[in-house]
Every structure is written in structure tokens, then in C-alpha cells.
Amino acid sequence: MESRVLSRAATLTSLPHLRRPPRELAVASLVPAKLVSDGGNLIWGRQLRPGLCSPALKREAVLIRPCLAAAASSEGSDSSGEKVAPAGFFDKYPALVTGFFFFTWYFLNVIFNILNKKIYNYFPYPYFVSVIHLFVGVVYCLGSWTVGLPKRAPIDSNLLKLLIPVAVCHALGHVTSNVSFAAVAVSFTHTIKALEPFFNAAASQFILGQPIPITLWLSLAPVVIGVSMASLTELSFNWTGFISAMISNISFTYRSIYSKKAMTDMDSTNIYAYISIIALIVCIPPAVILEGPTLLKHGFSDAIAKVGLVKFVSDLFWVGMFYHLYNQVATNTLERVAPLTHAVGNVLKRVFVIGFSIIVFGNKISTQTGVGTAIAIAGVALYSFIKARMEEEKRQAKAA
């Protein structure tokens, strides 16, 4: 190409006088070389170096290019010729959209906890109800995949092996949480589950070998003290509810550990769908073994006699739907905000759930239980704030 251009340049300079090219050729000089057929046949195209163009042609090109640029911009195109879509609602009001996500997350979580406890008041079978939670969510995911919202992401054997431990821990944590919800007050279960950061820190320090700063350990002291105060005077206290909530904390801690090992590029919606399917398979056998005979003997008939078949079935459907949706919205919210914002939001969510459950069910709590719960929540908030700040500093240090 270079030899062809130079040979033509030598021919041009040898001419005594060069006529000004037609206007069509001047316009053609604006066409990128990649749009021109190969061979170097376009004398006035971009294949020539600027010094080979006449001054008159340069002046005309300067006048023509702004006009073309203005025309392109008026058609809503960018520099590459692609049309630029107008800014949508999500782009114009990001704070409003994020606030809506938080509101939806809180609303769905509160409704789930209230409806879930109401079901346990007349149908105390947490293993079966846990299966219903996951079953409704799986049906929802399969229906979404069928219509392509979202499109199902393929999964291979390697990713499946990584997701199985996550799903098993998710299933165990979910079932034991429901056992606790059925045994004690919702507010007390959530107070015990405030200890989850303590187990996360302990696992990071002693299992993963990641040193935890002393400031984080000190921030967890109010959590332990607050939960202990609330447990000593909780009116609905029993060991089944307490131990189940503690097992749930441990299970979700290991779920976090295995989740870090199963990091993938797959979107969160598909990941949660696969985890729900595996967790459902894990939860069915214990539900059948531990509660199956009792349910067939009188469990279903007693529940239907108390509330009727329609309400019984509709309650199970909606509690499963609210469970799946609040978990999905929580994941989507995490993707939209910084870790510190999500940590604060998670603490406030627990406050909302505890407060609304006390109001709806009229649970009587002692002064010591109330103070202990407040101390525990404050400790979780402090821990979340310090940890999120540390993660943000690490991220900034890596970026620098």
C-alpha cells in the first residue's frame, strides 16, 4: 500500500499543474479507508498523507466535516455511527430506583415473616413448609426460564460441583431457621440470627486463616452481650428454637465460605435458581422422613379443618412466593449499592422485621429483652460499618 501511494505522489508532483478535483471527490475524501475497496485506487481518500492534498481541498474538507458531524448528531448517532438510545427512567433517577429496591426488599421480607409465623400457628410443620418455600420458588424460576425472563444460563459439571456445597448449606440454614420460627417468637429468632457476623468472623479467622482486626472483634462484643441479655428473659424461649437458630447461623456462615469458592460470571438470578433447585432436592428427604407420617395421619386434615382448604393452599403458595421474591430482590439490591449501604440496609431490615412482628403478633417482651435486642442490633450495625469501610479501603488500594 505504501509503495502505491508514493508512486502516485511522485506522479502528482511531476505534473506542471493539477486541476482541482470535482466536488464529489472532495466529499469522497471523508470516507474512511476501511470502507474503500482495497488496491489504493482512491487518490484523494484517507490513504494519502495530508501533505499530498491541495490547500483548496483541505479548506473545503474543513467546511464539510462539521456539517456531516452535525447531521450525524441530529440523527442521534455517536462517533461510530451507532444510534444512542435516550436516557431511560433508571438512568435519570438512580437514587429513586435504589430506594424502591430497598422498600420492596423490606416489604417482602416483613410480609414473609408475618405470613410464615401465622402458618406455623395452625400448621407447625417447618420441614414441609421449608420444602414449599423452595418448591414455589423453583416453579417460578422454571416458568421464568420458559418465557426467557431471564434466559437460562447453561451449567456444566464443574460449576455444579461448586454450587452443591453452597446449596446444601443454604438448605440446612433455611430449614433450621424455619424450625426456630415455628418454636419461638419471630423477634427472638431474628435477635439470635444477629450473631451471624460473629460466626462469619470466627470462620474467617480460624477456618480460612484470614486475620480479623481487633476493631472488628470489639464491635462484635455488643452483639454477643445483647443476644445473651435477650435470651435470658425471652418469654417464648425454648432450646429447640435457640439451637436451631444457632445452627442456621453456622450454616449460612459456611454458605458464605463456599460461595467465595464458587465465584462465577453467571448472573445472580440464574445462580439463585440453580441453588434453589439443588436445595429443594436436599430438603425433600428429611421432610418426608420426619414429618411425612404425621402429615398424612392428621397434619393436613387438622390444618384444613382450622382454616379451610382454599386458605391453607393459598397461604402456602404466597409464603413461598414472598420467600423467593424477597431473596431475589435482596440479591438485586446488593448488586446496585456499595457494601456499606447494603450492610446498613440489612441491619435496618432486621429492625423492621422485629418491630413489625412484635406489633402484629402482640408479643410481650421484657425490658431486658428489649434492651438486649437493641444492643445486639447496634453491635451488628457497628460491625457492618467497620467491615464495609475496610473492604472499601482495600478496593481503593488495589485500584490505586
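Using N, Cα and C of the backbone, Cβ positions are placed for all residues, glycine too.
Look at TrEMBL and you will find 93-115, 127-147, 159-175, 214-233, 239-258, 270-289, 309-326, 347-363, 369-386 tagged as transmembrane segment. Sequence annotations record features per position, and here TrEMBL assigns domain 'Sugar phosphate transporter' to 97-384.
Here the transmembrane segment (347-363) does not touch the transmembrane segment (127-147). Their Cβ atoms form fewer than 3 pairs under 8 Å, with each pair 6 or more residues apart.
Remote same-chain partners of the transmembrane segment (127-147), defined as residues 6 or more beyond its termini with a Cβ less than 8 Å from a stretch Cβ, comprise 116, 119-120, 171, 174-175, 178-179, 182, 269, 272-273, 276-277, 279-280, 283-284, 286-287, 290-291, 295, 299, 316-317, 319-321, 323-324, 327. Against the transmembrane segment (270-289), the recorded stretches 93-115, 159-175, 214-233 differ in Cβ pairs under 8 Å, and the greatest number is found for 159-175. The list of residues near the transmembrane segment (214-233) in space but at least 6 beyond its ends in sequence, with Cβ under 8 angstroms from a Cβ of it, reads 188, 191-192, 194-195, 197-198, 201, 242, 366, 368-369, 371-380, 382-383, 386-387, 390.
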